[in-house]
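As recorded in TrEMBL, the features of this protein are as follows:
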COMPBIAS  419-429  compositional bias 'Polar residues'
DOMAIN    1-413  domain 'Major facilitator superfamily (MFS) profile'
REGION    419-449  region 'Disordered'
TRANSMEM  64-84  transmembrane segment
TRANSMEM  96-117  transmembrane segment
TRANSMEM  129-151  transmembrane segment
TRANSMEM  157-177  transmembrane segment
TRANSMEM  219-238  transmembrane segment
TRANSMEM  258-283  transmembrane segment
TRANSMEM  295-315  transmembrane segment
TRANSMEM  321-343  transmembrane segment
TRANSMEM  355-377  transmembrane segment
TRANSMEM  389-408  transmembrane segment
Amino acid sequence: MMINYFQRVNISAGIVPMTQSTAGAPYYSWGTSEKSLILSSFFWGYVVSQVPAGLLAKRFGPKLVLGLATAVGGILCFFHPIAAKSGWQSICVLRVLTGLVQGTVYPCVHTLLAKWVPRTERGLLTTGVYSGAQFGTAVILVTSGFIFESIMGWPGLFYLSGGVSLAWALLFFWQAANEPATAIRISRGEVEYIESLTGSTSAGQSMPVPWMSIFRSPAFYGLLAAHCGFTWGFYTLLTEMPTYMSKVLQLDVKSNAFLSSLPYFVMGLLCFVVSPISDLLINRGTISITTARKLFNSIGQWGPMACLIGLGYMTAEEKTWAILLLTLAVGINAGCACGYLINHIDLSPNFAGPMMGVTNGIAGVTSVIAPLVVGAIVSDEEDPSQWRMVFFITGGIYLVCNTIFVIFGKATIQTWNEPPSTSSTMTLRNHQENDSKSIVPTSDKDNRF
């Protein structure tokens, strides 16, 4: 997750020095509309590849698909400095291609998690994996200022992103396994333990995806709304925060890079605070799984909504408060890691990957629209009142989308998850249908599995 976020975030950090004269590196006179197109073009490819990626991961295994996609994305990074010389249109083409290969990440990782993560540890382990997105974002943003001022200049950010991506892909092909049964470095006892507590079966790989059942499920639409709300807010801030800090808060390149990274470090750390709390509350039977998902998702979306409303009234003279609100607006998003983000696996371990492909693909449309909306609203990047409108719109989307999730969301395994005559999955469903009870396995349950 960290490495793949290097590939998608490097342009958000790089777009500022690419359009300013810094340290002898080349720069280009691209306006706000051109920059908005560059930032949104990644998602044009990202949206298109989501559903095919989920199906490819299910058909050929996530190891092959994810490894190849990361390697190809790394190669594309090397061509960004060359493409910039040809104009912003060439950068847009590369970002579309990067989006195509990056579209495989979430469906593949969700497919892996559904096979590997026991339900009693789902909050902590899933959040631990996905926190790599925040740490990857933070690492890119915090190091970018030093890279920009080094002899490499801003092109160095893309060369380094590409190099580590290729190195990781080789390591992944060597060490990874699609599921516990094919892993050679764990015991048979551990394999049986994981398989009994995931609800995902080997037969699931050959089962056709029950699309009609999925699209008739109210819980699916609640999940979809929450995913869209998070994506709009997260990527609006991710793509526009460096520009806001540079133009409105008037921070220099190095300070901008460090402070832009701070919210993502906070979010990554908070992921490891909220996830064990969520698992503890569920495993002790204090709250149901469904209640936990709704509670933490509400924290992760309504909390940032309040911060963005306050941020809309900040000016350069109040930059300390503005930075604090920005940090909280992104950091509190960590609650969503124990909310909608793992709800695909709650609903259907066998089809978590394809479902993630659908919701991430549709939510990705908001990632395309959000930077374009910012470009349409913000004609003067130094005008706080125009940014206020951006923050208010984002807060409103958080409010509406999470409300839909609270009304329609569920966290019980759906009947269409199960292949015929798969007793272990049926047993797991029977345990989880009574959602108000603890799901900690007992010795009797273990024996029955």
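Cβ atoms are placed via backbone N, Cα and C, with glycine included.
Ranked by Cβ pairs under 8 Å to the transmembrane segment (389-408), the stretches 157-177, 321-343, 355-377 are led by 355-377. In this chain, the transmembrane segment (64-84) lies out of contact with the transmembrane segment (321-343); the count of Cβ pairs under 8 Å, excluding pairs fewer than 6 apart in sequence, is fewer than 3. Here the transmembrane segment (64-84) touches the transmembrane segment (157-177). Their Cβ atoms form 3 or more pairs under 8 Å, with each pair 6 or more residues apart. Proximity of distant same-chain residues to the transmembrane segment (295-315), defined by a Cβ-Cβ separation under 8 Å and at least 6 residues beyond the stretch ends, is recorded for 226, 229-230, 233, 248, 274, 278, 287, 321-322, 325-326, 328-330, 332-340, 384, 387-389, 391-392, 394-396, 398-399, 401-402, 405-406, 409. With a cut-off of 8 Å between Cβ atoms, the residues of this chain six or more beyond the transmembrane segment (96-117) that come close are 1, 4, 7-8, 41-50, 53-54, 56-58, 62, 65-66, 69-70, 72-73, 76-77, 125-126, 129-130, 178-180, 194, 198-200, 342, 344-345, 349-350, 352-357, 360-361, 364.
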